[in-house]
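One structure is given here, and the rest of the page talks about it.
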Amino acid sequence: MRIKYILGKDIQITLKVIDGFILKGTAGGLEQDVTLEECQCYCANSRSNERYSFQCVSATYYHKERDCILNLQTKNDSPDQFQQQDNVSYLGMICSVEESKQRLVNNNFIHGCRQTVSISTSTTIPEKIFMPVNTDSCFVEMPNHVLHGTAFAAETNVSVNVCKCYCMNAENRYGIECNSIEYYFDSKTCLLSNLS
């Protein structure tokens, strides 16, 4: 196990990064197409910028997909859910939330975390629109919509049908009723929620 420490603006340690480990079943949110540094910032700033209704206390970063799962618990809260997995890193906060925000958040950035990039181009790139092809008798698919709130679990590297099965069996698997899912086709990430 390799452990790195992320330094804040003032060269003090703010997060501990443990490569090759994931914290399962404690997801609260997902940020896509972010860097490792942006992931730690989104975790520290999750409640303050009102993107989420919870305070992230740890995160899991998927290097290939550039996805960041914001967790509701730490590896110490759920040691049985802390598992080895390739191409991911676990990010655990070392400082308090306030200290982490002071060191990581930049109010000139989008959501305090992401730098704006200006791209000048003469061609228009069409927005990718998904059609509802996964609607069935139990689930109504609403492409291009996101239900903001808190997910009670996240599963990775699963198909949309397996994601639906996890939702249908959520009371047995997670101990909570599932009313909706968010599925990210590009990263094969499934977020389960009791909201609908």
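One-based numbering along the chain as shown.
Including glycine, each Cβ sits where the backbone N, Cα and C put it.
Where the annotation comes from TrEMBL, it is an automatic prediction and has not been curated.
As annotated by TrEMBL, domain 'Apple' applies to 7-95, 138-196.
Across the domain 'Apple' (138-196), DSSP classifies residues as 13 helix, 14 strand, 32 coil. Helix first, then strand, then coil: DSSP counts for the domain 'Apple' (7-95) stand at 12 helix, 39 strand, 38 coil.
Across the domain 'Apple' (138-196), the model assigns an average pLDDT of 82.
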